[in-house]
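Below is a structure I'd like to ask you about.
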Amino acid sequence: MPVGAVVLDASGRIIGRGCNTRETHGDPLAHAEILAMREAAQSRARHADNGDSAAHTGLEAAPARAWNLADCTLVVTLEPCPMCAGACIQTHIGTIVFGAWDAKLGACGSVWDIPRDPHIGHAPEVHGGILERECQTLLTDFFAARR
């Protein structure tokens, strides 16, 4: 599935990348968002181990807090599903930006709205429908080619 994601740090630098590899790797958790956030946290941990405090804006270069992505933005082609929206909450991602809405499993405003649930302690900013037509075309063309 042509879903890609990047995590940007506060300076706009890409610190994590991911694409959906669920089918190719047989891993049901290998969604683009999960892989990008994992890589971002690992990148921060590596930089902290090297004493690079610049990689940890507001985190005091603590490897134990490298998972905290509060000053980061997740950018993804498709609206995150419930699992990925939950991972955004767990990593304290600051902002979620996505292209196409997901009318079947979307969890950032279409079917569910996990980031804005008042019962959850962390509420990232959410901006959906960015370059929506282009992202939707990628998905539509991909599935048309498979039929």
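Every residue gets a Cβ built from N, Cα and C, even glycine.
The active site, proton donor feature in TrEMBL is assigned to E33. The Zn(2+) binding site annotation in TrEMBL covers H31, C81, C84. Annotation source TrEMBL lists domain 'CMP/dCMP-type deaminase' at 1-112.
What's the neighbourhood like for these features in this structure?
Neighbour list (E33 (active site, proton donor), Cβ cut-off 8 Å, at least 6 residues apart, same chain): A5, G18, L74, V76, P80, C84, A87, C88.
Long-range C-beta contacts of H31 (Zn(2+) binding site), restricted to its own chain and to partners at least six residues apart, with a cutoff below 8 Å, comprise V3, G18, N20, R22, C81, M83, C84.
Confidence for the domain 'CMP/dCMP-type deaminase' (1-112), expressed as mean pLDDT, is 90.
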Please compare the binding-site residues C81, C84 by how many other CB atoms fall within 10 Å of each one's CB, and tell me which has the fewest.
C81
Same chain, not part of H31, C81, C84: whose C-beta falls within 8 angstroms of the C-beta centre of the Zn(2+) site? Give them in sequence order.
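So the additional residues around the site are A32, E33, I34, P80, P82, M83, A85, A87, L105, A107.
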